[in-house]
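Feature annotations, courtesy of TrEMBL:
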| type | residues | note |
| --- | --- | --- |
| DOMAIN | 1-63 | domain 'G-protein coupled receptors family 2 profile 1' |
| DOMAIN | 80-330 | domain 'G-protein coupled receptors family 2 profile 2' |
| TRANSMEM | 82-103 | transmembrane segment |
| TRANSMEM | 115-132 | transmembrane segment |
| TRANSMEM | 168-186 | transmembrane segment |
| TRANSMEM | 193-213 | transmembrane segment |
| TRANSMEM | 233-253 | transmembrane segment |
| TRANSMEM | 274-297 | transmembrane segment |
| TRANSMEM | 309-329 | transmembrane segment |
Amino acid sequence: GCPTEWDGLSCWPALPRGQSRAVACPEILSVFKKSKGLIQRNCTEWGWSPPSPPYHSACQLETLGSSNDTEAKARHFVTMKVLYTCGYSTSLAALLLAIGIFCCFRKLHCTRNSIHIHFFTSFILRGTAVFIKDRVLFSDESIDHCTMSTVTCKAAITFFQYSVLANFYWLLVEGLYLQTLLLLTFTCDRSYTWGYVLMGWGVPMVTVGVWVLTRLQYDNHGCWDDYSSVYWWVIKAPILLAIFVNFLIFLNVTRMLAQKIRCPDLSRTHKQQYMRLTKSTLLLIPLFGVHYVVFALFPEHVGVDARLYFELVLGSYQGFLVALLYCFLNGEVQAEIRRNWGTWQRSMESNVFNLATQDFTA
């Protein structure tokens, strides 16, 4: 008969000679245009017959005018991959430097910066997961996706989903911590820290665990990288919940900040503290959630180019933006770096003077 074959779009299971099989339009094509067409192939004595009808007819796709159109489309995706690879690389470098700064200077060791470090780490995991997923799924165009249902492939997708979930939930923790600071007037109990850690890392772990068990039990096919399955909502619903709660926090913090700034009894120093603590998170909450909610309300095949641009290209630079707002543009961090730099310079000058004096007296 005919062996299992991957034709570049669909997987055709092995079939005895003389029989035929029909498959639905591949899920990847449904991203661009919804279609419920069927493609059929026969197992002949010479092997598999060509797809009938052709994919572009059965799936109602527009045929490309020439090979130049195909090459232009390929260049577009290659350019997009280069852009998001540069974005994630830049973000990883900036985040690692920011974590190093927070860890090296003892004066910066506090609950607020500890939460920032966890937030940075979630971005590092997300960028690393993207590189791992690309390496496993798209390293070679000749990969046979009929045999991609491997433990390595599923583990890469699981790690990616966990990283994305952790990223959104640590953004939620940042919002909750900011709201707590405003409510408690800068007297935050350290006992809250473990609760934040459990929320930021624990909730995503439980969610992904439920998702993995669900896929193993009810939908254990392929590499688990399909988003058309109903079980994808096990991941998607908690993300949308985190974004929605963050949006409510955004509105509440804006209201509280407006009340405190208008308060005549509040000193100028406290007003500056409130402004400094809130400006970064108030910028990040809408930036990290609005476009996701907008696209979540539309079908997967609507606004594909815009979705890819936001999720891949702009999303890859979010880690760099976070490091910039929370660390490099932080006045407290800049002051500590200047202070230590001045101390180091004075120490070097003193050492040089002592050496010169020793040489002179000798």
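Yeah, the Cβs are placed from backbone N, Cα and C, and that goes for glycine too.
Unlike curated records, TrEMBL annotations are generated automatically.
Worth saying up front: this structure is predicted, and the values here are computed from it rather than measured.
Among the listed stretches 82-103, 115-132, 193-213, 233-253, 309-329, the one sharing the most Cβ pairs under 8 Å with the transmembrane segment (168-186) is 233-253. Between the transmembrane segment (115-132) and the transmembrane segment (233-253) there are fewer than 3 Cβ pairs closer than 8 Å, counting only pairs 6 or more residues apart in sequence, which means the two stretches are not in contact. Highlighted: of the candidate stretches 82-103, 233-253, 309-329, 233-253 has the greatest count of Cβ pairs under 8 Å to the transmembrane segment (193-213). Across all of the domain 'G-protein coupled receptors family 2 profile 1' (1-63), the predicted model scores a mean pLDDT of 79. Same-chain residues lying 6 or more positions outside the transmembrane segment (82-103) and placing a CB less than 8 Å from one of its CB atoms are 109, 113, 116-117, 120-121, 123-124, 127-128, 130-131, 312-320, 322-324, 326-328, 333, 337.
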